[in-house]
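First comes the structure, then the notes that go with it.
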C-alpha cells in the first residue's frame, strides 16, 4: 500500500507546480523587459521630439536655435544636416583607420603570435576596451589635439596643392580639435571590438584548409591570403559594421575633440560637430522646441544605430551559417 | 614549385628530393611574407601606443593632485579656484552605479535564465536575443534622452536615480548576454541529475544551474559595472550636478565621468588638474572591477565541455 502512495506523490499537484509556473512567468517578464524598453525608447522619444520634426529638420544646414533678432523675421531654425554630416565623416575616418589595424592584430593573434604572448596581448586589447570614453576624450582635448595640430599643418603643406587631397587636407584649425582628431580617437575606441570579433571569425577557419595551403608550399602570408581571408570575409564585414555602429553613437570623446562648429566642409582638418556631441553640449541651455530638436536628433541616432546593428547581426549570422556549412 | 630555381638536377634518372628550405623560396615571395608579418606587428603597436600614452598621462597628471583629501573634499563651485576635490563625484559614482547594478542584475540574470532554460531556440527567445544585441549598440546618449522623457519629465526632478535608470538600461543587455553564455556552459547532465532526484525546474535552476555558473556570471556582471561606471552622457543629461556629496538617490548628483567631461573643456589649469585626478580615480575603479572579474572567472571557471 505504502509503495502505491509514494508513486502517487510523484504526480501530485502540489504547491511546487505553482512555484514552477511563477518562476517561468518572472523569467519571461525579465526577458520581455528588453523588448519593452526598446519599444518605449522609440515611442517616448518620438512623441517628445515630434514638434521638432519639420522639413527644415532633415534638409536644412542652418542651426539657429536661439532667434538672433529677438522677435524678428528670422525664427529659430533647427537644421540637423551639419551634425549628420559630421557623424558620418568621423565614423568613416574611424572605420578606415581601425579596420586594417584591427584585422592586422587579429591575424597576428590567431596566426603569428606565440601562445605565451597571445594571452598578454588579448589582456592589453581588453584594457583598451575598458578605458572609459571620457578619459580618451580628456586625453584627446588636452594632449593629442595640441600635439597633432603641427602634424596636420605639415601634411597640409605637402599635399595642399594636389586636387582632391588638397581639399580633404586643407588649412588646419590651430586648436587641433577637428574631424580628423575625433576620427582618430574613435578609431582607437573601436579597435577592440573589431579585433575581438575578427579573431573569433579567423579562429573558425578549418584547420584542413590551412594545412592544404601549407602542403602546397605556401608561405604564411600566402596561407592567410588563400585560406583564412576568403573564408572569413563575411564575418569580418559584420565586425566592421558593428564597429561603425559603435563609432556613430560614441558621444563624449567626440564632443570634446571635434571642435564644436556647425559647418559642412570637405576639409578634415577643420572643426565640426556630430549628432551625439551637440546633444550633450547644448542640453543645459535648451528649452522647449530647442530641446525637442535635440531629442529629435537622438531619435535619428537611435534609428540609425538600431538599423546598423540589425544589419551587422544579419551579415554575421549569414556568414556563420556559410562557415558551418563549409566545415560540416 | 618552390624548388625549381636553385636545386641543381643530378644526372641520374631519379628526380631530386624537393628543396623545401626557406632560402629556396623566390625572393619576392619571401619579401611579401616578411612585409605582411611586419604590418601585423605594426598594427599591434599602433593600437598599444595610444593605450600606453593615455595610461601614462592619466597616472602622471592625476598623481599630481591625488590625495586622500581629493577623494573626499567638495568640488569648488568656481572652476577657476584651485584646491578642493572630487568627493561628491566619488559618492555619486558609487551610489548611482550601485543602484544601476541593483536594478539590472536581477532582471538580467532572470532574462538569461529564460533564454537558456526555457526559451532556447523558440521564436520569442531568438527575438529577445537579437534585440538584446541591438540594445547593446544603442548609444548611451539615447538612453539618457529616453530616461529624460519617460522619467525626469514625469517626476519633474533631475536625480541620481534617473541616472541609475539609464545606466541600468545600458547594463541590462550586457548582463543578459554574458549570463546566457555562462548558463550554456553548464553541462546538461547536472540538470538531468537534479530532475532525476525529483527537483522541480525552478529548484533545479536556482540550486544547481546557477551555482554551477556563478563565477562566470559574477565576472560578466563586474565587467558590465566597470563599463557603466565610466558612462558619461546619460549622467550629464539627467542627473544635474552637485558640489557637495549627495549620498541619496534623490536630488541632483554627479559622477566622476561627468566631472571629467565638465572640467576637460575648462581653460583653467586648476579645473584640468581636477579632471586628471578624477580620471585617475575612475580608471582605478574600472581597473579594480576588471581585474576582479578576470580573477574570479579564471579561478573558478567551469570547464568547457
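Easy rule for this one: first residue shown is 1, then count along the chain.
Any Cβ shown, glycine's included, is placed from N, Cα and C.
According to TrEMBL, the protein carries these features:
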type	residues	note
DOMAIN	A:84-312	domain 'ABC transmembrane type-1'
TRANSMEM	A:22-43	transmembrane segment
TRANSMEM	A:82-109	transmembrane segment
TRANSMEM	A:121-145	transmembrane segment
TRANSMEM	A:151-170	transmembrane segment
TRANSMEM	A:182-203	transmembrane segment
TRANSMEM	A:223-245	transmembrane segment
TRANSMEM	A:252-280	transmembrane segment
TRANSMEM	A:292-316	transmembrane segment
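Put simply, of A:151-170, A:182-203, A:223-245, the stretch with the most CB pairs closer than 8 A to the transmembrane segment (A:252-280) is A:151-170. When each of A:22-43, A:82-109, A:151-170, A:292-316 is checked for Cβ pairs under 8 Å to the transmembrane segment (A:182-203), A:82-109 comes out on top. A Cβ distance under 8 Å defines the sequence-distant neighbours of the transmembrane segment (A:151-170), meaning residues of its chain 6+ beyond its ends; these are 176, 178, 180, 265-270. Contact counts against the transmembrane segment (A:22-43), taken as Cβ pairs under 8 Å, peak for A:292-316 among the stretches A:121-145, A:223-245, A:292-316.
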